[in-house]
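K.L.:
Copying in the features that TrEMBL gives for the protein in this structure:
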BINDING   Asn81, Arg82, His176, Ser177, Tyr178, Asp257  beta-D-galactose binding site
ACT_SITE  His176  active site, proton donor
ACT_SITE  Glu321  active site, proton acceptor
Amino acid sequence: MVSVTRAVFGDLPLGAGTVEKFQLQSDQLRVDIISWGCTITALEVKDRQGRASDVVLGFDELEGYLQKQPYFGAVVGRVANRIAKGTFTLDGKEYKLAINNGPNSLHGGVKGFDKVLWTPRVLSNGVEFSRVSPDGEEGYPGELKVWVMYTLDGGELVVNYRAQASQTTPVNLTNHSYFNLAGQGSPNIYDHEVTIEADAFLPVDEVLIPTAHSGKNCSPSTASLGEIASVQGTAFDLRKPVELGKHLQEFHVNGFDHNFCLKGSKEKRFCARVHHAGSGRVLEVYTTQPGVQFYTGNFLDGTLKGKSGAGYPKHSGFCLETQSWPDAVNQPHFPPVLLKPGEEYDHTTWFKFSVA
């Protein structure tokens, strides 16, 4: 059985609307989601002793989510991740997007899907949010109808994304929750054991855009295309479990903010597993998406005050953002991100919690 309750979470400034909170509860999980940005604000999971802790970073009040903050728990779009130089060309027309992350456009622009009020509909086992992104919003072509559905099934939180476009547009939707399986407010994630089922990843340049192929034997036609690199023998080989802190030290890396390439099929498949030995909590992620951005909170700096006054320093949370590959709209050999009129974008990600 799943219970769903709704309550007022807060009012937007200048009478811009009321944000509601939906609490989904099963025998194993409790999830709070608000209509501002379809944001997961709390996710309570039991440890091996049966004690529940909130395992996502975020804020107690609406004000926290309205300030400048790193997309805690939100749905990001119309295009998640980075688009190089904030431009792309479709049918011979160049589109220019807001530059909001170094020289690039990130997570849909200045006012992406995370910074809008969505329309909720209560379901028997969850909640569905919808909105219409108008033609030209943040520079993107065509009107886009979007539905995001959160449902609970025992220890599993299921997130389904659907979209329909009035004209061809790139679409890439994901949820940007930051997890800490020791409980939010714990100082770091170094004691988390991580597995990612990926044979390849996308190397990135200093502004986190997939890098061009290098090497003399590159044909000019592929010289500017993003490289797809094998994880073998690199810090990115997470096919067998690694303890994150030790692994970062061993390979002298500052953290991850990279796309891991999953086996290409539209079927549900295993993507990642994270185990926190101290509490016994396990998160397994399954998805229909072709990639997952593994991010270890490298840009968190402790200045934001989170739930119960928690500081969120660097590496105090991780994201597993299932999605299409970054800058795919400019990379013809990446899995396609264009949605055409008459088609439906339809992807699902499963977050399965258990103890071990």
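Just so you know, glycine gets a Cβ as well, placed from its N, Cα and C.
Keep in mind that TrEMBL annotations are predicted by a computer and have not been checked by a curator.
Locate each feature and note its surroundings.
P.N.:
Within 10 Å of the Cβ of Arg82 (beta-D-galactose binding site) there are 25 other Cβ atoms, across all protein chains.
Around His176 (beta-D-galactose binding site), a 10 Å sphere centred on its CB holds 22 further CB atoms from the protein chains shown.
Taking Cβ-Cβ distances under 8 Å and a sequence separation of 6 or more, the neighbours of Glu321 (active site, proton acceptor) in its chain are Val76, Ala80, Asn81, Thr174, Asn175, His176, Val292, Gln293, Tyr295.
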